[in-house]
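Accompanying notes for the structure given below.
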Amino acid sequence: MRLGSGTFAACCVVVEVLGVVLFLRGFFPAPVRSSSSSKHQAEPPAPEPSAGASSNWTKLPPPLFSKVVIVLIDALRDDFVFGSKGVKFMPYTTYLVEKGASHSFVAEAKPPTVTMPRIKALMTGSVPGFIDVVMNLNSPALLEDNVITQAKAAGKRIISYGDETWVKLFPKHFVEYDGTTSFFVSDYTEVDENVTRHLDKVLKRGDWDVLILHYLGLDHIGHVSGPSSPLIGRKLSEMDGVLMKIHTALLSEERETLLPSLLVLCGDHGMSETGGHGASSTEEVSTPLLLVSSAFERKPGDIRHPKHVQQTDLAATLAIGLGLPIPKNSVGHLLFPAIEGKPMREQLRFLHLNTVQLTKLLQENVPSYEKEPGFEQFKISERLHGNWIRLYLEENNSEVLFNLGTKVRRQYLDALKTLSLSLSRQVAQYDVYSMVVGTVVVLEVLTLLLLSIPQALSSKAELEVPLLSPVFSLLFYLTFLVLSAVHVIVCTSTESSCYLCSLSWLTAGGVMVLVSALLCAVVSALTKVLVRGKLLSKNAAHSNSRWSELDLLILLGTLGHVLSLGASSFIEEEHQTWYFLVSTLCLALCHDIYRNYLPGDDCEPQRCLHVEGGFDGATPALQDKNTSSAVLELNRGCKSPSSLGTLRGYEKWMVLASPWVILTCCRLLRSLNQTGVQWAHRPDLGHWLTRGILEARFVYVFVLGILFTGTKDLLKSQVVAAGFTVKTVGLWELYSGFVLLAALLLRPHNLPVLVLSLLIQTLMAKFVWKPLRHDVAEVTVMHYWFGQAFFYFQGNSNNIATVDISAGFVGLDTYVEIPAIFLTAFATYAGPVLWASHLVSFLSSEASSSSALSHAGFCYALIGSFPVSAYIILVTSLRYHLFIWSVFSPKLLYEGMHLLITAAVCVFFTAMDQTNTKS
């Protein structure tokens, strides 16, 4: 079966997407989980240890607090409370920290630092999987054991006001709630007023036990204006007033109750220096945790500095404080200052319950748990605790009892710290089987693309794809049988969960068929290449094709970029790699132009410069001219002493100046947005502005109109065969619509990025690509490189915190999920999308070869697939690297999105190529 190059490439990329999805499913591990029932059935608490004596304490300890109020301020950084801003804008909170009955901590949030995973960590005590960053947009109900579910089961009455994520995670758990949309970042006033307006009434009522207040305004200000905005101070002052109101009401109510109340101030995550969050910078992971209660007595002069703890420690502390079982999957440990005022027996009882829970979790997730230091410490602690209980029940109140109790307490605390650390490390339970199968699919597709280069870039732009011969070959059946046997062995012997093993046998068999068919196709293509290579070697002396300097730059630049992805520092600062590559490309183009301008001493073939004329076909560097007539002549045999002699005055100088203008534009764009990690905090040329809703909707109407007109012309050219001009106009109309949409969604300070992008595209098209008559492959790679560079010129990075979610709400006054996701994705990838759409429009209007679109689609698929395939291998080998979750994993998600864009571009190339064929 014969397929066009573009169609073949599009099919390959689609299959590669499936392989990447399978790899991602295996790479992002399943968190540590208890094997107990997920229905949170009540289990009897562990009895108090005893050594020969009978303890009378076999039930859960009673609650320590009558009411608990959790004030969660979204994106609250630790320095907003404990730093200079806290002293200036939050005086009452600062008083509580420095002199009040409180304990303060700096709680570390593990990446991804986005809201939904952080709420799960706070309430379950477990470390959410990194893939939860995707689920943050639409949070499903939380089935894992957690404090909220335990409180509801115990009859606690819970009220929630604020972020609707709580309602989604815990449906039917609240006796009263009022949710607010967390993604409408343009609103930072009403979103908090809708929470505060309930306080006066609810604080006077006594029909609740737990009150959750989630304020979003601070986070929204950060997304729109950054942490240095004057609005931050006003919002902190507002939150300080809220805390004072709540604390005063709780103190007045405690006079009528036997137990004190607990006020918890915390943040779900921090805020980067640009106002975003999602990654692992110190500003994003450091959050304040303040426990305020009259039970925490404080003597004059008692200075308590904030201690560093884990965010997962709050779940165990809240459970003990409310008299509830600690969530089964919690890897955190009890914050001891919260119970240090209690009698020794109660302290040891609380610590014992927490240690038993962590030990059970360790036994269920670590096969060799008995060798773990934490388990050994637990056994020693439990034995000493039993001795202490025996002495205590004998009413021995001597100093020996106190010293032994202090020793047991210290031993428990050490065991808790060791167990918590060991369990936190167990989060990386990879599904290696799914990762291997996904990697094999990706590598088979990449190999097939590489082996198909000679045929794909031929003049016919067609490949002979043997669909039936591999299926009926002996190799196919042998491979399928071997893979099936491996699948059965893995699925019947593995102790951990495996995604492929959870699929039906029919689906898993389909995966094996795909892998086997791809392997046969690779072997068939390799055989053809070897046979063709022998034939070509006989005529090698007659071949005069050679690699140009630009071809070598493209090859070495692509390989260098891929190799740089193996280092975490290069991933964090990948924008520097692309800035260097496009700058070097400009210098290479300048050299190419000047070499043609200055007459040589000999008659070496040179590219003649022409402004008029058609656009050429495939690259000669990737194939031999004698094997294919597809390579159109590039006018390299120019006999004129000056290649620019045919150009008019201004055109001649524009050709000479274009590379320098483009280089200057790129240098200006580098200064517009500081991105990456090391220099992200430095000032740049960007200024934050706002845009009105009405004006945005007005632009949306024009965008839709332009896109509709362009789509209509494309359909007309395909259905009615209206000709080349109609199709070309339709493509440029679509491109114009994308440009207008980008102008609407980009931050106002980023509009120069769009303007300079259009300028560079115009200069390259009119004064570089056409005069130098670059082939399709070179033009395609240049478009890809500039698209990647403009991704970073926008201020993006491989850090999730740089995703500008405010773009998803331009022109919207309420949160609408699908439009918000589309607008955010388009704004983030506006650079690659605009350059890819410009490539389609440019080739359709300028190329003289009918196979240009097929060649371009194949080259784009190859250049887009290569980094993803190589990075999958790199990240697999580095899966136990220190920065695997903070650096390499976000980059993996970005590579997946780039591959999706590549697939979409290739499919569009195929559609346009089919239109050309019909025309």
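Think of each number as a place in line: the chain as shown, counted from 1.
Heads up, the Cβ atoms here are built off N, Cα and C, so glycines get one too.
According to TrEMBL, the domain 'GPI ethanolamine phosphate transferase 2 C-terminal' annotation covers 694-902.
If you look up TrEMBL, you'll see 35-55 marked as region 'Disordered'.
Sequence-distant neighbours of the transmembrane segment (432-453) (same chain, 6+ residues past either end, Cβ-Cβ under 8 Å): 8-9, 12-13, 15-16, 18-27, 463, 490, 494, 498-501, 511, 514-515, 518-519, 521-522, 525-526, 528-529, 622-623, 858, 861-862, 865-866, 868-869, 872-873, 876. Among the features that TrEMBL reports, transmembrane segment is placed at 432-453 (among others).
Summarising the annotation, TrEMBL assigns transmembrane segment to 465-490 (among others).
What TrEMBL lists as transmembrane segment is 510-531 (among others). Sequence-distant neighbours of the transmembrane segment (510-531) (same chain, 6+ residues past either end, Cβ-Cβ under 8 Å): 15, 18, 22, 437, 440-441, 444-445, 447-448, 451-452, 454, 465-466, 469-471, 473, 475-476, 479-480, 483-484, 487, 500, 503.
Per TrEMBL, the feature transmembrane segment maps to 552-571 (among others).
The annotation transmembrane segment is assigned in TrEMBL to 692-710 (among others).
The feature transmembrane segment is assigned by TrEMBL to 722-745 (among others).
The transmembrane segment annotation in TrEMBL covers 815-836 (among others). Beyond the ends of the transmembrane segment (815-836), by six or more residues, the same chain brings 137-138, 181, 183-184, 735, 738-739, 741-742, 745-746, 753-754, 757, 761, 783-784, 786-794, 796, 803-805, 807-809, 860, 897-898, 901, 905 to within a C-beta distance below 8 angstroms of the stretch.
Taken from TrEMBL, the feature transmembrane segment applies to 857-880 (among others).
The list of residues near the transmembrane segment (892-912) in space but at least 6 beyond its ends in sequence, with Cβ under 8 angstroms from a Cβ of it, reads 4, 6-7, 9-10, 13-14, 16-17, 20-21, 24, 27, 133-134, 727, 731, 798, 800, 825, 829, 832-833, 836, 839-840, 844, 853-854, 856-857, 860-861, 864-865, 867-868, 871-872, 875. Positions annotated as transmembrane segment by TrEMBL: 892-912 (among others).
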Self-check item: Integer average pLDDT (0 to 100) for the domain 'GPI ethanolamine phosphate transferase 2 C-terminal' (694-902)
Solution: 81
